[in-house]
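This report concerns only the one structure given below.
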Amino acid sequence: MTDNPIVETLQAPSAVFFIFGATGDLASRKLFPAIYSLYREGKLAEDFAVIGVARRPRTNEEFRDNVHESIDEFCRYKIQPGEDWNKFAQHFEYKSLDINNVDGFRELREQTEGLEQKFSIPGNRLFFLALAPELFGSVSLNLREGGMMDGQGWNRLVIEKPFGYDLESARKLNTELAQVFAEDEIFRIDHYLGKEMVQNIEVIRFGNAFFEPLWNNQHIANVQITLSETVGVEERGGYYDHSGALRDMGQNHMLQMLAMIAMEPPSRLLPEDIHDEKVKVLRSLRPYLTAEEVDKNVVRAQYTAGSAKGKELPGYREEDKVDPESNTETYFSARVFVDNFRWAGVPFYIRTGKRLPVKTTEIIVEFKRTPTNVYLGQRHNLEPNLLVIRVNPMEGIYIKINAKKPGSDSEIQPLAMEFCQSCMIGINSPEAYERLLEDAAQGDSTYFTRWDEVAAAWSFIDHIDHAWKQHPSDVKSYPAGSWGPEETHQLLQQDGFHWWPVNGQDEDNVIWQANSR
Ligand code: BG6
């Protein structure tokens, strides 16, 4: 007997996967390709079934054609010419359903039982709601009322962000879900937790003797987390204008990455122990209680018209479905403190924005400088050591160190020791949704967010939002295609630091990387 509830099998247990919102973007871009990749890698039991649920009428054949198209376009595996497509496709069925009508759920139950019989599935049901969050509560209730939870196996609910709009609405949603599902049956997705390099943070920190002893305020000067995007709001203006960067990226992806960097080693590698450590970090975030504190530590901005790579780009207020007088932020940066013994006094700088010059997610840990009054430090302006974790789209790790310039007695140059995961031939990192679907089917909640984490993150974010609401028009601007407003640099300059260039950013970075080869 092991006390680890996660059964390390290669294949996920046999189950019916319900994709609510089966005709939507998420299903076709991410979910169907993820299911196919898991199938190709032998990680799905042969006896699985998928029921696509949406309002639109569609036959099973039409639905299977949609799945085929989505795999062709978005999957990292391609369907082979001689492959028996039907062997895979026969596991897929479609159900047209009005989610407010319980009778539809009763019909769905019959259809499910038919499939469970056909494929000998022991009643395990995974409900993935790729739907607007307002619908999560009523769909959950109707799942229960329609008898969908009465199978012989387990029931699990997988839901997308955003989980609420603020702490109050998140609480309300959680209460609704809790009427139907237990906490350990709810899998809240933060797709950043499904990314290989985010999962790697734990291993880098706790699996290497030369990081963990230095991982504290004695040796680390600051941590910088950048999540920059080149895209604007595309066709999501309606959603984004009510959300903004703080809610869309800050409350979830950025604070989750921060928690992974800052958490204490868990006592055991069980999901609950990891969640316990993360929630302690989130509860230790120093709240900014006054508008002055928020102004001092948080910068918000919105992009105006600009250009990138010779292409003219519209301003945010000109985007489709965006209020032409909108004050919604498309960029924010913040200085965040984790008020505990390990991190006292160490600033964590976080920034994210739309329409920035490059798409990249990077975590940079800047170590304290060596003493300047002894030996080399007296004669040279030594650069600090950096540990750079590249999350997305390049995956890898850099360590920046100082070394003697070859052939010179007195010159010291920074160089990078690099592990480029994306450059390795034969390594094809699974997409986040593959990991997450597989984990949910295995019942492993490690890389999902627990309710108390979500609540702690909202409580930190809500203070900022309240302060912003007092001065709604006090939002800075930056031209599309630039690195954000000037104030974001001042945030670090005030502390004697600067943003380190991220992958693809500028000349300096290129030279620094070239030095490493
Ligand atoms: C989503 C946000 O959660 O993450 C989007 O809602 C954002 O606005 C996206 O574009 C970024 O994810 P990734 O994996 O492309 O970096």
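Glycine residues also receive a Cβ, built from the backbone N, Cα and C atoms like all the rest.
Any TrEMBL annotation is an automated prediction that lacks curation.
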Worksheet item: The substrate site in TrEMBL includes His191, Lys195, Asp248, Lys354, Lys359. Which of Glu168, Glu212, Glu229 is also listed there?
Response: Glu229
Worksheet item: If you check the binding-site residues Asp98, Lys195, Lys354 one by one, which have a CB less than 6 Å away from any atom of ligand 1?
Response: none
Item to complete: Could you tell me the maximum Cα-Cα distance in Å between the residues recorded as binding NADP(+), namely Arg55, Asp98, Ile99, Lys161, rounded to a whole number?
Response: 22
Item to complete: For the domain 'Glucose-6-phosphate dehydrogenase NAD-binding' (19-200), would you mind checking the mean pLDDT of the predicted model?
Response: 95
Item to complete: Please list residues from the chain of Asp98 (NADP(+) binding site) whose Cβ is under 8 angstroms from its Cβ, counting only those at least six apart in sequence.
Response: Arg55, Gly104
Discussion item. Checking the contact step here: among the binding-site residues Ile99, His191, Glu229, Lys354, Lys359, which have a Cα within 10 Å of the Cα of His253 (active site, proton acceptor)?
Written reply: His191
Worksheet item: Which residues in the same chain, at least 6 apart in sequence, have a Cβ under 8 Å from the Cβ of Lys359 (substrate binding site)?
Response: Ser228, Glu229, Thr230, Val231, Asn392, Pro393
Worksheet entry | Same-chain residues at least 6 apart in sequence whose Cβ lies under 8 Å from Ile99 (NADP(+) binding site) | Phe20, Arg55, Leu131, Leu135, Ser138, Val139, Asn142
